[in-house]
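Per Swiss-Prot, the features are:
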REGION    1-461  region 'Sulfate adenylyltransferase'
DOMAIN    25-240  domain 'tr-type G'
REGION    34-41  region 'G1'
BINDING   34-41, 113-117, 168-171  GTP binding site
REGION    92-96  region 'G2'
REGION    113-116  region 'G3'
REGION    168-171  region 'G4'
REGION    462-646  region 'Adenylyl-sulfate kinase'
BINDING   Gly470, Leu471, Ser472, Gly473, Ser474, Gly475, Lys476, Ser477  ATP binding site
ACT_SITE  Ser544  active site, phosphoserine intermediate
Amino acid sequence: MRHIMAKSLAPTDGVRDYLAAQEKKSLLRFLTCGSVDDGKSTLIGRLLSDTKQIFEDQLAALERDSRKHGTTGDDIDFALLVDGLEAEREQGITIDVAYRFFATPKRKFIVADTPGHEQYTRNMATGASTADLAIVLIDARQGVLRQTRRHSIIASLLGIRHIVLAVNKIDLVGFDQAVFERITESYRQFSRDLGFQTIVPIPMSARYGDNVTSRSESMEWYSGPTLIEHLETVSVEEAVVELPFRFPVQYVNRPNLDFRGFAGTVASGSVAPGDEVVVAKSGKSSRVKRIVSYGGDLAQAAAGQAVTLVLDDEVEISRGNMLVSPAARPQVADQFAANIVWFDEHALLPGRSYILRTETDQTSATVTDLKYRINVNDFAHEAAKSLEMNEVGICNISTRSPIAFDTFAENRTTGAFILIDRITNATVGAGMILHSLRRAENIHWQSLDVGKRVRADMKHQRPAVFWFTGLSGSGKSTIANLFEKKLFATGRHTYILDGDNVRHGLNRDLGFTEADRVENIRRVAEVARLMADAGLIVIVSFISPFSAERRMARELMADGEFVEVFVDTPFEECARRDPKGLYARALNGEIKNFTGVDSPYEAPEKPEIHLKTLGRSAEEMVDALEHWLNERDIAQPPPADNGGSI
C-alpha cells in the first residue's frame, strides 16, 4: 500500500517536463503604480485573466464579487482579483501591496500591485524595492498627476530603470492619439532627470483589454507592442552575474565533525572551486574547496543560487559575515550617506538611535545629519529637521560598528538597509546607500596608555552613570544634588550634568521641539560617556522624555555602568509644586512642547532604581540610592580590562 501511494505521488514525466521548462524561463519582477483610480489592480486582473491564470472556481467567485463590490456595472471587475482586503473592496481602492505570480510560454512574472493613495506611499516603496520594471499608469482623462510624479521619483530612487508608461482608459477619450502623445511628452519632460534607461508608452484600456495582451482594433494609429509583448521581451538584467562576487553567510552548516560549510545565497557575481575569497570585514582569505547544493557538488554557483561553500582553511566566519571577491571588495565604514524613505507615523529625528539591518549586518545607527528632504512631486531639495511618514530624505548615518556594503547603484542587495525602532521593533524606514563618508575612512582611534581602569583605580571607585529621569518638578535636581553631596563627603569623585545648566552652554542652541530634545540628550550622553571614561561617578539629571534616547545613552556605556533612576512623581503633584511657574504657563498655552502637557513623557518600564517620591522626603530618596550603591560595590576599583597599561 505504501509503495502504491509513493508511486502515485511521484511526479509524472509531464510534470517533470513542465517544471524543467519553468526553470529555464527568465523571471521579471515588476510593479504597477500611479495615482488612485488609474486602474492598476484592473490591469493586473486583466493580465491574469488573459494569460489563463484564473481557475473556473475563481472566475465564478469573481463574477459573484463583481455583482457585490464591483465598479464596472454588469462587467467583471478584474481589480477584485488582487484587492483582497475587505476595506479595499468596500472602498474600491488598494491599500496593501499584493503580489501575484503568472507565466506565459516565454517568461515568468511576479507583479506587485501597489496603492495609489499618498498615505500608502510607504507600501508602494516596499513593492518597488525588488522590482526590475515599473508600469506607471496614467488615466487618459487626467494626465500626469501629483501621485504619478511621486511614484516615478520613488521608483527612480529605488533603482528601477525601466518604465512602461501605460496610458489607461484611452477608451474614455475616444482612443484619441493626440491625448496619448500629449501625455507621453508631458511625462518624458518630467522624468528626463530621473535616470530611466527606457520609457515605453502604450495606450490601453485595462477594462476591455485593448493593447494588454491583444492589439486594439480601435487604435490603428498605434504600431508599438502590446503590454505583454513588451514584458516578455524587455531586457532588464543588470548582469548581476558579472558584478563582483558577494555571498552573505546565512548560517554555518556543520552537521558533523567532518563537515563545515557556509550556507547562503549568492547575491551577485559567481564563484567556482579554487577561487580565492575574502571575509569582507576581517580581510582573512581562503579558497573555495567545494560548492555543495541539494543535488550534489557544483562546478560553479552564480547570483541567485542557494549553496553551501566549503573552504580550504579554518577561517573564522559566522552568520552575518560576507565572502567577497578579493579583487573587488565592498566598502567597510561606520559613516555613509543614504536615501531614506520613512514609513512610520513617528518622525525620523536626527540624533535618535535606531537598529540598522543590512543583508549581513545589524547594528545601532544614528542619523547624524538630515541634509535635505526630497520633494517627491518635483524633485526639489528642501530644508528639513525631520522626516514624516512617506517622506524621502538624504541623510548622513553613523553606525556603532563598521558594516560592509556596496553603494545601491552598484548592488541593490548589499547597498540597501532597513531601520528598526528600538522600542517597538517595527520597520520604520528603508534606505539606499549613496557613498561612504571620507571622514569615516580617515579617522581612526588613537591608542592611549592611560585608560578607564587606571583612572578609576586612582580614584578607588567604579565609574557609573546615574541617569535621573522624570517630569519637570518631580524632584530630580534636588535629589541629584543631595546624592552628590553625600557621595562627595565619602571621598567619591563625582560630577552632575543638570538639564537647565547644560542648556546655558553646550546646548544653548537647542529648543524644545522633539528633534531638539533628541539632540539635547545625544550630546549629554556623549559627555557622560567621556566623564565615565575619566573614572567619575556621573549624575545626569534630565527630563529625557523618550525611551529611545535613554536606551541610546545606556548603549554608549559599558555593561553595568548605566543606572536608570526613575524619579516617579505624579503629574498632578508636579503641577501643584510648579517651582518655576512653568506648568501654569504651559496649561495656559504660553509654553509649547512642555513635557506632560502637550509633549509626551515615556516612563521607564524597568529602571534600575524606581523612586516613588509621593509622601517621602528627598533625604529618604538619597538613602535608598546610597543603599543601592553600596550593595553593588560601586566604591570598589573595577576589574582589570584592556583600558590602560600604566
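Backbone N, Cα and C define each Cβ position, glycine as well.
Every protein chain shown contributes to the tally, and the Cβ of Lys40 (GTP binding site) ends up with 32 other Cβ atoms within 10 Å. Here the region 'G1' (34-41) is broken down by DSSP into helix, strand and coil counts: 2 helix, 1 strand, 5 coil. Following the DSSP three-state reduction, the secondary structure of Lys476 (ATP binding site) is helix. Measuring Cα to Cα from Ser544 (active site, phosphoserine intermediate), the binding-site residues that fall within 10 Å are Gly470, Leu471, out of Gly470, Leu471, Lys476. The Cβ centroid of Gly470, Leu471, Ser472, Gly473, Ser474, Gly475, Lys476, Ser477 marks the ATP site; residues of that chain outside this set whose Cβ lies within 8 Å of it are Ile543, Val567, Thr569, Cys574, given in sequence order. Distance between Cα atoms for Asp37 (GTP binding site) and Ser474 (ATP binding site): 54 Å, as a whole number. Close to Leu471 (ATP binding site) in the fold, though at least 6 residues off in sequence, lie Ile543, Thr569, Phe571, Cys574, Thr595, Gly596, Tyr601, each with a CB less than 8 Å from its CB. Checking each of the binding-site residues Gly34, Lys40, Thr114, Ile170 against Gly470 (ATP binding site) by C-alpha distance, the shortest gap belongs to Thr114.
Note: the region 'G4' (168-171) comprises 2 helix, 1 strand, 1 coil (DSSP; helix = H, G, I, strand = E, B). Sequence-distant neighbours of Gly475 (ATP binding site) (same chain, 6+ apart, CB under 8 A from its CB) are Val567, Thr569, Thr613, Ala618, Met621. For the region 'G2' (92-96), the predicted model reports an average pLDDT of 43.
Summary: among the binding-site residues (Gly34, Gly470, Gly473), the fewest other C-beta atoms within 10 A of the C-beta are counted at Gly473.
Of the recorded residues, Gly34 (GTP binding site) and Ser472 (ATP binding site) place their C-alpha atoms 48 Å from one another.
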